[in-house]
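Features of the protein shown, as given by TrEMBL:
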{"type": "BINDING", "residues": "Gln23, Pro24, Thr25, Gly32, Asn33, Gly167, Glu168, Asp169, Ile206, Lys215, Met216, Ser217, Lys218, Ser219", "note": "ATP binding site"}
{"type": "BINDING", "residues": "Asp149", "note": "L-tryptophan binding site"}
{"type": "MOTIF", "residues": "215-219", "note": "motif ''KMSKS' region'"}
Amino acid sequence: MPEASSPVSPAAAPAPRVFSGIQPTADSFHLGNYLGALRQWVSLQDTHETFYCVVDLHAITVEHDPELLRRRTRLSVAQLIAMGVDPDRATLFVQSHVPEHAELAWVLGCITGFGEASRMTQFKDKSSKQGASGTSVGLFTYPVLQAADILLYTPDPGSAVLRVPVGEDQRQHLELTRTLAQRFNHRFGETFVAPEAHIPEGAAKITDLQEPDAKMSKSASSPQGIIDVLEEPGPMRKKIMRAVTDTGTEVVYDEEKKAGVTNLLRIYSALDGTSVPDLEAKYAGSGYGQFKKDLAEVVLGTFTPIRERTAALLDDPAELDRILGKGAERAGAVAARTMEIVRERVGFVGRGR
Ligand code: AQP
């Protein structure tokens, strides 16, 4: 256990760290989650010390059904493993298993301005949809809990980086996290590394298949606008064939005039690895039909094995719980060390032994 006055530290030259989280609030992750964040979770395992969290505390900021939450939490874990998150290499855990997340959120909430929290666009969007009576204080403080999630896994200040793979929609929350880290350090002494967003080029914002100017989103998209990772092949093909394009016929990238086709090109390129100009050349003169048909096969090629592995993993919930137990132990050890330093820095009296 380090001295409370020394920064949080692993012993020797630490590997760069990664933290990221996802809410267990749907019966499947969607294509936006996958390309914006989750695919990076898998590749970063090779080069970073990774902490991946299913954020069930965030999931209760909106009204929820307890049994459904429990089921979706295990389902989320199964999908992550099926996508390639390796619990032997990554620390994969559930947020509520590590109570320090809520404790640090309280401390950070006390150095967050009401005005700065009020400027968070995700809160403004969601609260305006739900109305004042349906909007909880938890939804308001959601970004502060997110900052706590990330900063608990801070490496040693000055010695390493902390990366957070997320989609473009999370950039503002990450900026708040950086501000809170710096403010805490300024008031109480160097404690946290300000994290860096790790946002994928090209796939940072996947849009709705029916409303190509809007983000693909589990709460805002219609079922026809969203591609679920666990979707069956039949409905998946239909949705892609019916994706909104335009009255033209040319498969070309043009964000302003051809938002629908541009979104499909981004998806195709991100999943298949073919560059957008090569795709434009491949489909020159062939119209949208063949392009969409091929795209559907590319999406299915990625998601079918994930769907099958997820189903197999869900057959053994005891094994999933065992994996989560190990993850909570590893995450909890890091979180406990960080909180011990935070408590000392803010002036709490240490607990007698
Ligand atoms: N359309 C998207 N394009 C790229 N990345 C996206 N992400 C979400 N939608 C897109 C990224 O997925 C990760 C999961 O974050 P989450 O659990 O907070 O899910 P979310 O952002 O709540 O997902 P939704 O569908 O957008 O949910 P609602 O509708 O509830 O807001 C994040 O890294 C996010 O950037």
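Cβ atoms here come from the backbone N, Cα and C positions, even for glycine.
Where the annotation comes from TrEMBL, it is an automatic prediction and has not been curated.
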Return only the integer: C-alpha distance in Å from Lys218 (ATP binding site) to Asp149 (L-tryptophan binding site).
22
Integer Cα-Cα distance in angstrom, Thr25 (ATP binding site) to Asp149 (L-tryptophan binding site):
18
Winner by Cβ contact number (other Cβ atoms within 10 Å) across the binding-site residues Asp149, Glu168:
Asp149
Using DSSP, how many residues of the motif ''KMSKS' region' (215-219) fall into helix, strand and coil, respectively?
0 helix, 1 strand, 4 coil
Spatial separation of the residue listed as 'L-tryptophan binding site' from Gln23 (ATP binding site) - C-alpha basis, Å:
13
Can you grab the distance from Asn33 (ATP binding site) over to the residue listed as 'L-tryptophan binding site'? Cα atoms, rounded to a whole Å.
18
Inter-residue Cα distance where the pair is Glu168 (ATP binding site) and the residue listed as 'L-tryptophan binding site', in Å:
18
Local confidence of the motif ''KMSKS' region' (215-219) - pLDDT mean:
92
